[in-house]
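Shown next, in structure tokens, is the structure this report addresses.
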Amino acid sequence: MGSWTLCCVSLCILVAKHTDAGVIQSPRHEVTEMGQEVTLRCKPISGHDYLFWYRQTMMRGLELLIYFNNNVPIDDSGMPEDRFSAKMPNASFSTLKIQPSEPRDSAVYFCASSL
């Protein structure tokens, strides 16, 4: 398999492990084959009511994907298509899933929390 083909079937997703606000994300780096599921996890700061998921690409810059208030999704208008989903089952945990992953999903993904 040529390097161009390998590049096209690989997907690189980067997340910030710790932000200045003290939010914890995992995994720090994710490389997957095209078509696989990617799950990103976020632990907001204790006591914060709002959680935000963002995506940053070189071409489009920073984009808000979705945000929650007290575990309830408020605005998900930035979520691309049906392949992306986000949940916040409790105040201390959220996930962002991409399935199936595509090369155009390569980006830096991160979450933030706020009072």
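Any Cβ shown, glycine's included, is placed from N, Cα and C.
Database features, via Swiss-Prot:
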- 1-21: signal peptide (SIGNAL)
- 22-115: domain 'Ig-like' (DOMAIN)
- Cys42-Cys111: disulfide bond (DISULFID)
- Asn90: N-linked glycosylation site (CARBOHYD)
Nearest-integer angstrom distance between the alpha carbons (Cα) of Cys111 (disulfide bond) and Asn90 (N-linked glycosylation site): 15
Candidate with sparsest Cβ neighbourhood (10 Å radius) among Cys42, Cys111, the listed disulfide-bonded residues: Cys42
Cα separation, the residue listed as 'N-linked glycosylation site' to Cys42 (disulfide bond) (Å, whole number): 11
For the domain 'Ig-like' (22-115), the number of residues DSSP places in helix, strand and coil: 3 helix, 56 strand, 35 coil
For the residue listed as 'N-linked glycosylation site', nearby residues of its own chain (Cβ under 8 Å, 6 or more apart in sequence): Asn71
